Structures are given as C-alpha cells and as structure tokens.
Amino acid sequence: MIKSGFITIIGRPNVGKSTLLNSIMGEKLSIVSCKPQTTRNSIQTILTRDDFQLIFVDTPGIHKPKHKLGNYMVKVAESSVKDVDLILFLITPDVEVGKGDRYILEQLKKENIPVFLVVNKIDENPQEKVAQTLKNYSEIFDFAEIIPISALKQKNVKELVELMVKYMPEGPKYYPDDMITDKQEKFVVSEIIREKALRLLSKEVPHGIAVDILSMKKNSKGLYNIEATILCEKESHKGIIIGKKGAMLKKISTYAREDIEKFLDSKVYLEVWVKVKKEWRDSDRLLKELGYK
C-alpha cells in the first residue's frame, strides 16, 4: 500500500489553478491563458512516485453561467468537490474575500474534507498584503493548512506536494506509473491548440472558440498527421483567427505544434482550419461531439 488519493483545485477564475497543476506535474496538461474560465473539462492528472499517487481534478472557475457550456462548466466545478480526499482552495492576495468565496467556503464546511488555503502569486504582492489575506481567510474558515506559493516560479510547490501526500489515505495505485492523464491524446492536443489561440487572439474572440480534432494518425515513420478545426461563432471572428494573409492562424499552428510534439514526444504535421458554427456553446449536439458533455 502507498499514500494515494484524489485532490480537487477550486477557486475564482484566473487565480492560477491550471498554472499550479502544470507546475506540480511538470507537464502542460491543463490549458493556461490570461482569460478567465479557460478550463472546461474536469481534467484528471496523475502524479506518481514510488511511495504515493496523487490524482488531481482541475475544474473550471465557478461563475454565473451565461449559456449551456457555462452551465456545464459550473456543474463540473461543483461536482468535483464530492468524493475527494483533499481540497485546495486557491486564492490570490490582491482580491478581497467576496460573497462568492464565503458561499463556497460555507458549502465546504458541510463536506468533512480537509481544505488547504493556497495563496498564489505571492511574488507579485507585498508581504503585508499576503499576511493580511491569510488573516482574513483564516478568520472565516478552519483550514487544515495554509500555504503561500508562486505557481509560476514554483516557489513552495514542492512543499505543497509533500503536505498533500501527508493528508492522503493509504491506498492502491489507481493508475499505471507512466500514466499522467486519463484524457485521450486527442483531447490534450485540442486543448493545446485552444490555449495557443486564446493566448494569441485579442479580446474580440473571447471564449467562443473550440477545437475539433478531425483526424490524428501516426505513420510508419512515427510522424503524427493531425487535422484540426477551430470553431468560432461569428464570421468576423473567423477573419481575426486567420489574420492578414493567414499570419495569425500560422502562428497559432506553429506554437501549438511545438507543444504537441513535446507532449507526444514525436514529430507532428499539423493542419488547422477555421469554421463558423453559430451559437455552438448552446448546441447540445456540438457540446457532446467536442467532449464537453
């Protein structure tokens, strides 16, 4: 028997949930962007060592839904706090305790699950601000541990992992040693492309994009041929994504290919198109096809 269990990361949009998960794993498995609510699926990632296995559930930021996709994202976030062994409540020092935070913490009091207060981005805020934030939150909830970190610079991340292991029950290895995610390769590839698009595009094209992997085949020489379509909701968005003389689409494809090659540990030929699908975020059929339901 080893130490093994399930952990969920929750918090406001854009507090660094995906960055923290990637920092812990050393792999870019969860989409990272400067835009809120960029994580859509509850991605399970697995960190395995000789004496422990931690299974992370990365959730969308809990927010007021505006469409069916938003409803799905909130449902995933709320369901992810059930049946786990530990909850990481992630915050940043620059944001005051709000009604939403109090609501979530009130719900967590009912769960009888240990909760860590993880304060991210401490390198971007004065020590006095960090200390005050810790005090404010500790007054409204009895956290099992309080850990200030910088996920981006990996400050105190190793110490956080050690503390998480300490709180895990004894159990089996739920996944093979070499498995780092329970999602199919296609899903991770689509998320990489979507991340690059979100990172490079302006605010004119917010969350109204998805990536559909049309084909993903490996030839006899070990080269992956991948065909993908970026779906957007408006013709004007299509033009922005493609860019002048195709420059933006080429940039998205190039950056995505580099990360996909690292993930697959193989050379990749990537071809990406752009297609308009009006109101795809409210289409049950499309959401199901894209793996969001």
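Here the Cβ of each residue, glycine as well, is placed from N, Cα and C on the backbone.
Swiss-Prot tags one of the stretches 96-99, 120-123, 216-219 as region 'G4', and that stretch is 120-123.
Taking all protein chains in view, 29 other C-beta atoms sit within 10 angstroms of the C-beta of Lys17 (GTP binding site). Taking the Cβ of Gly11 (GTP binding site) as centre and 10 Å as the limit, one finds 24 other Cβ atoms among all the protein chains shown.
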